[in-house]
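Visitor: Per Swiss-Prot, the feature disulfide bond maps to CYS7-CYS86, CYS40-CYS45, CYS92-CYS288, CYS171-CYS199; the stated evidence is sequence analysis. The annotation site 'Transition state stabilizer' is assigned in Swiss-Prot to ARG34 on the grounds of sequence analysis. Residues annotated as active site, proton acceptor in Swiss-Prot, with sequence analysis given as evidence: HIS38. Annotation comment: Swiss-Prot describes ASP39, VAL42, GLY44, ASP46, SER48 as Ca(2+) 1 binding site. Here Swiss-Prot flags ASN68, ASN139, ASN179 as N-linked glycosylation site, drawing on sequence analysis. Per Swiss-Prot, substrate binding site is recorded for PRO134. According to Swiss-Prot, the heme b binding site annotation covers HIS164, on the basis of sequence analysis. Look at Swiss-Prot and you will find THR165, ASP210, THR213, ASP218 tagged as Ca(2+) 2 binding site.
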Amino acid sequence: TFYDESCPDVSNIVRRVVQQALVSDERAGARLIRLHFHDCFVNGCDGSVLLEDQPGVVSELAAPGNANITGFNIVNNIKAAVEKACPGVVSCADILAIASVGSVNLAGGPCWEVQLGRRDSRRANLQGAIDGLPSPFENVTQLKRKFDRVDLDSTDLVALSGAHTFGKSRCQFFDRRLNVSNPDSTLNPRYAQQLRQACSSGRDTFVNLDPTTPNKFDKNYYTNLQSNTGPLTSDQVLHSTPGEDTVKIVNLFAASQNQFFESFGQSMINMGNIQPLTGNQGEIRSNCRRLN
């Protein structure tokens, strides 16, 4: 791979730090893969999501889709460990890609061969983040449009949404579905009652995205959608929208974890290949949050 000569141990270094983070934070893996996803969907996988406001940069973190995004401290720890071994060599964009494999695999999911050699951008794109990031309130047509913009298809949409087999969501992103006088017909009534109870302590309360095996990377995300127990609209619509090709794909992954794992790895590679900066474009940031 790209770092064979310059930083041969990079994957192990990253994996070790992710493993350490998981000891005290069960959501560490979900945080990291979400950063990679939100990075790739805006100007390609260029580390732009990590930049904070600074001279010449208006951060993407002000976009609604990035409002609750976390995990920067873990990225900083990974970057520090990698810099110690190979200073000035590995980009922050590549760190997110490598960390995503470790995050999934350490939770019981698949491995895939990450292509490396991305460079870090010297700019952010706030408007791109506002327009391009999928929202938890969207229907299949809206979601497909956003995936299509970055050349990802329906299989990619359904496979990558499967990353919601771990991690959590705040109640504010689905509580409009819990209205007692106007119940959402695609939400299991018993499960809706559990969610109402969980969310009674406030809209900022966190709830597991996968109520069955919340920290395990498995196919239960899809079987949950079959039983109408996906808390987010943007997940449930993949199975509950009649006539959409996404329904068949959900059923396929629900029936075969091997099929899901294989497709997930391929879709992660596809996503990781969105418009990377290479060669002498961009830079290798020494601090992932700041331009050099």
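Glycine is treated like the rest: Cβ placed from N, Cα and C.
Note that this is a predicted model, so its numbers are computed, not measured.
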Visitor: Express the distance between the Cα positions of CYS171 (disulfide bond) and THR213 (Ca(2+) 2 binding site) as a whole number of Å.
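Guide: Computed Cα spacing between CYS171 (disulfide bond) and THR213 (Ca(2+) 2 binding site) is 19 Å.
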Visitor: By CA-CA distance, flag whichever of ASN68, CYS92, THR165 among the recorded positions is nearest to GLY44 (Ca(2+) 1 binding site).
Guide: CYS92
Visitor: What number of additional C-beta atoms lies within 10 angstroms of the C-beta atom of CYS86 (disulfide bond)?
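Guide: Step by step: centre on the Cβ of CYS86 (disulfide bond), count other Cβ atoms within 10 Å, giving 15.
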Visitor: Within 8 Å of the Cβ centroid of the Ca(2+) 2 site residues THR165, ASP210, THR213, ASP218, which other residues of the same chain have their Cβ?
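Guide: Checked against the 8 Å cutoff, the neighbours are PHE166, THR212, PRO214, ASN215, LYS216, PHE217, LYS219, ASN220, TYR221.
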Visitor: Below 8 Å Cβ to Cβ and six or more residues apart, same chain only. Which residues does that give for ASP39 (Ca(2+) 1 binding site)?
Guide: CYS45, ASP46, GLY47, SER48, VAL49, LEU50, ALA93, LEU96
Visitor: Work out how many Å separate HIS38 (active site, proton acceptor) and the residue listed as 'substrate binding site' at their Cα atoms, rounded off.
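Guide: Counting only the Cα atoms, the answer is 9 Å.
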Visitor: Between the Cα atoms of PRO134 (substrate binding site) and CYS199 (disulfide bond), find the distance and write it as a whole number of Å.
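Guide: Between the alpha carbons of PRO134 (substrate binding site) and CYS199 (disulfide bond) there are 23 Å.
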Visitor: Looking at the binding-site residues VAL42, HIS164, ASP210, THR213, ASP218, which has the shortest Cα distance to ARG34 (site 'Transition state stabilizer')?
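Guide: Nearest by Cα distance to ARG34 (site 'Transition state stabilizer'): HIS164.
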Visitor: Where the distance is taken from Cα to Cα, which of the recorded positions CYS7, CYS86, HIS164, ASN179 turns out closest to THR213 (Ca(2+) 2 binding site)?
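Guide: For THR213 (Ca(2+) 2 binding site), the spatially nearest of the recorded positions is HIS164.
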Visitor: Please report the Cα separation of CYS199 (disulfide bond) and ASN179 (N-linked glycosylation site) in Å, rounded to an integer.
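Guide: Here the two Cα atoms lie 12 Å apart.
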Visitor: If you count Cβ atoms within 10 Å of each one, which of the disulfide-bonded residues CYS7, CYS45, CYS92, CYS199, CYS288 comes out on top?
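Guide: Per the Cβ count, the most surrounded site is CYS92.
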Visitor: If you draw a 10 Å sphere around the Cβ of ASP210 (Ca(2+) 2 binding site), how many other Cβ atoms fall inside it, taking every protein chain shown into account?
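Guide: For ASP210 (Ca(2+) 2 binding site), the 10 Å Cβ neighbour count is 25.
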